[in-house]
Amino acid sequence: MAQLPPKIPTMTTPNWPDFSSQKLPSIAATAAAAATAGPQQQNPSWMDEFLDFSATRRGTHRRSISDSIAFLEPPSSGVGNHHFDRFDDEQFMSMFNDDVHNNNHNHHHHHSINGNVGPTRSSSNTSTPSDHNSLSDDDNNKEAPPSDHDHHMDNNVANQNNAAGNNYNESDEVQSQCKTEPQDGPSANQNSGGSSGNRIHDPKRVKRILANRQSAQRSRVRKLQYISELERSVTSLQTEVSVLSPRVAFLDHQRLLLNVDNSAIKQRIAALAQDKIFKDAHQEALKREIERLRQVYHQQSLKKMENNVSDQSPADIKPSVEKEQLLNV
């Protein structure tokens, strides 16, 4: 009977887990509560082995389907930046001031809680709180058992760290958008919180950022319009080229035919010019021949008249002279 495991210790009030803070109590915490209920009863060896086995097994994986609660990460800070260009100067300044105020407040509150409670979980860690509790079961067995108040404090600190991490991410994005210039001298040794606050509170820099963004947007719009106009002109010219190219080819063919006809006409004109020259020369020769024949005829007529005068009387000479005059005319 001495080697059998003892009965379950009777507890006056059950130590139920607090689901409102989204954290399940570990097995080590339950065992410690049982130990406080029965201080005279020592933990047997089989319970220690069970606790060690559960701690090593739960440390190897992150989360299983049997876990009833899932810890969701907060949405990223870049979701609400789609309508960032629509803010005016006053809304832009008020948004930056609220972010800096919340960031500084959460930062100081986080340091004060870390000084009193101890190191807490980071918001970037994707493991669940139950995994952290399972990994730290061996240490909790050697230390004092935690109370419900400590669990509540851990949950509050984790939520505040998540909010502080989100604010830090937003402030980092704002600093990257502001395009800040490096600081010289002793001002460069200041902390990032004070420098980011000074940069954000500068209205001239904010206005310059907004003006640069608007000018860049206008230039992009102008470039897109110019590109669209060029594309339209190119398409119209291409359609005109496609329409006029067959007409140009037809006109080129006609031009070649006309050039051939023109060359033939030129050759004919040259031949006609040579024929005209020959005909002119022949006409001149004919004119000279006519003059020569006329002179010969006149001489023969004179000889006949002389012969007839010698043979005929003077009465017959007068009509012959009249005939000769008529022939000369």
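Glycine is no exception: its Cβ is also placed from the backbone N, Cα and C atoms.
Pulled from Swiss-Prot:
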COMPBIAS  10-22  compositional bias 'Polar residues'
COMPBIAS  119-133  compositional bias 'Low complexity'
COMPBIAS  139-154  compositional bias 'Basic and acidic residues'
COMPBIAS  155-169  compositional bias 'Low complexity'
COMPBIAS  304-313  compositional bias 'Polar residues'
COMPBIAS  319-329  compositional bias 'Basic and acidic residues'
REGION    1-22  region 'Disordered'
REGION    98-204  region 'Disordered'
REGION    204-223  region 'Basic motif'
REGION    230-251  region 'Leucine-zipper'
REGION    304-329  region 'Disordered'
Requested in this report: Tell me, roughly as an integer, the mean pLDDT over the region 'Basic motif' (204-223).
Outcome: 92
Report summary line: Residues in the region 'Leucine-zipper' (230-251) per DSSP class, helix first, strand next, coil last, are 22 helix, 0 strand, 0 coil
Query raised in the report: Quick one: DSSP breakdown of the region 'Basic motif' (204-223) into helix, strand and coil?
Result: 20 helix, 0 strand, 0 coil
